[in-house]
Amino acid sequence: MTSAEPRAYPFNDVHGLTLAGRYGELQETEPVSRVRPPYGEEAWLVTRYEDVRAVLGDGRFVRGPSMTRDEPRTRPEMVKGGLLSMDPPEHSRLRRLVVKAFTARRAESLRPRAREIAHELVDQMAATGQPADLVAMFARQLPVRVICELLGVPSADHDRFTRWSGAFLSTAEVTAEEMQEAAEQAYAYMGDLIDRRRKEPTDDLVSALVQARDQQDSLSEQELLDLAIGLLVAGYESTTTQIADFVYLLMTRPELRRQLLDRPELIPSAVEELTRWVPLGVGTAFPRYAVEDVTLRGVTIRAGEPVLASTGAANRDQAQFPDADRIDVDRTPNQHLGFGHGVHHCLGAPLARVELQVALEVLLQRLPGIRLGIPETQLRWSEGMLLRGPLELPVVW
């Protein structure tokens, strides 16, 4: 059964990282329900782990229609294009070529350099003095510099990429013209880098993408450009926000910080658990569209209707995760959906894991006494954005 009147959506408060209680209520009483977002069409909202995983992994739910539909969303502008808007077979073709180049081994090989970068950033924080803004000086710096290393961008140009990435960030206070200018400069730079790697390949990801082959198939020039910039943008905002959110939780939950200080070997599993526990989005983005009538929990989703599969709610489903609202860094198994599921499972998950593990490892090693430099009630949180996180995180140690 579903209620007659769609509920206003999203449910989460942007100030903080709590998961709205409405999700748990719906899991119990109406796991497939109608919602009305502030922009776009009404949609079906799916909240139980089993159902969310099924929707994300079922070929009867696709992303392609998002290119032409007024898709349900929490922000006025629509995010279109890229791998996330494609369906098989075109999506399969591109992903197959990218996976040949962007391997878990390649991500892991960046761990030593990621550590060096993290230590350099902490050095700069220490030199600046206390309080230091962890968001500006660490969380926004580490991901873009690691991605630059991955792509093969020379160190001398890292600051340029940091500026461009900052303009792409949904929390950035820039005009549409400034964002467009940053995009044009980033595309021009990456086009030049691709040309150089065609002539003189190295062991970086751009060279590997240029050389990627699947039988007689290869990436076109535009596909190379879109993928390289897409990796930068997709990998930047999410990991930046996760670093800030995870450190915020360590500072506001002393027992959690003490546990990781005493047992740093738990950091990899802590990253998995925090990825599960933190409902990163204000709401659920990137709807899937039914290509035929599908019945889920006794509810018929008609062909063409959009479905929002809430991974944030699924990751707190008590039926899948015992004591789901508790952060348990020893939790096993932990088959969370923080990086998605199915054909659109996050390509950058191995790199994100490396970055998040290194961030916690280095910060706890270098700044074991790290704590908030202002009262928690004075923190400013991003508003009107896709992802939830503090705009600044003043810290002392």
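Glycine too: its Cβ is placed from the backbone N, Cα and C atoms.
Computed from a predicted structure; not experimentally measured.
Per Swiss-Prot, the candidate among Arg36, Arg145, Arg288, Arg297 that belongs to the heme site alongside His91, Arg95, His344, Cys346 is Arg288. Sequence-distant neighbours of Arg95 (heme binding site): residues of the same chain at least 6 apart with a C-beta under 8 Å from its C-beta are Leu83, Val343, Leu347.
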